[in-house]
Amino acid sequence: MSHSDQSQRFLFDDTDVRGEMVDLERSYSEVLAKHPYPEPVAQLLGEMLAAASLLCGTLKFDGLLVLQARSSGAVPLLMVECSSDRQVRGLARYSAEAIGAGAGMQELMPEGVLTLTVDPVKGQRYQGIVALEGVNLAECLSNYFASSEQLPTRFWLNADGRRARGLLLQQLPADRLKDPEAREASWQHLTTLADTLTAEELLALDNETVLHRLYHEETVRLFEPQPLVFHCSCSRERSANALVSLGQADCERLLEEEEGAITIDCQFCNQRYLFDASDVAQLFAGAGSQGPSATRH
């Protein structure tokens, strides 16, 4: 299997169904390198990364897709972002003492809520919310699409702390098959075959092998893979803008409280940005410079 992170689209020639597969290794490892997550949390975060990458691949937009899960349990927050140029990042909040070995989504995130946000550069923001119901994240997402006025969509996800993989099938508007019964039969046939794929096979097999294993009797067109990379969009400029939005009085108060330097830490990548009194003065003097103060991880 290729070790380059990628998503790859495929189409069935004889029916109105498309698919997407995603493989994350390096970017997944970079996300995990930023925080020492327990294994069950790392696995769930990997599934979220794969899911967001799959969803982003089905959309034609310029902007950001955010997948966020909140709960009252040991993992109160999971958050993953995937941009339209296929850059991903993610984080989790957890209570280590409350996490048992082998815990799944329902144990980690009871009474959870999943929010899907599509934030385009231009146009209206979209947000969908669904309860975290189901055995796993794939089932929860599949249920969301089944219960909303969306195209029928199914997910298969797995992650093991080293690799995150995902498979998506989505029924398209009627074109090749017009008869509703034929469309439903085709959809059920393809998803039933996908249900035979084990979690271990999803992690171990490359895309071509997975598709042959499931659909060797179907006519499938596999498109060129698209790269995915880890990238954190934090910057010194964004941090400076956040301080400006607080106002000069609050920033000066923070300088006093933090003994002469305001510290801003990125929750995603742990990058640290420091602003001393001179930096803050420049911000509010309109100098347009955030200065050369050191940053560190």
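Counting begins at 1 with the first residue displayed.
Every residue, even glycine, has its Cβ placed from backbone N, Cα and C.
Per Swiss-Prot, these features apply:
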type	residues	note
DISULFID	Cys232-Cys234	disulfide bond
DISULFID	Cys266-Cys269	disulfide bond
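Non-local neighbourhood of Cys232 (disulfide bond): Arg89, Cys266, Phe268, Cys269, Gln271, each in the same chain, at least six residues away, with C-beta under 8 Å from its C-beta. Applying an 8 A CB threshold to same-chain residues 6+ apart, the list for Cys234 (disulfide bond) reads Cys266, Phe268, Cys269, Gln271, Tyr273. Every protein chain considered, the tally of other Cβ atoms within 10 Å of the Cβ of Cys266 (disulfide bond) stands at 20.
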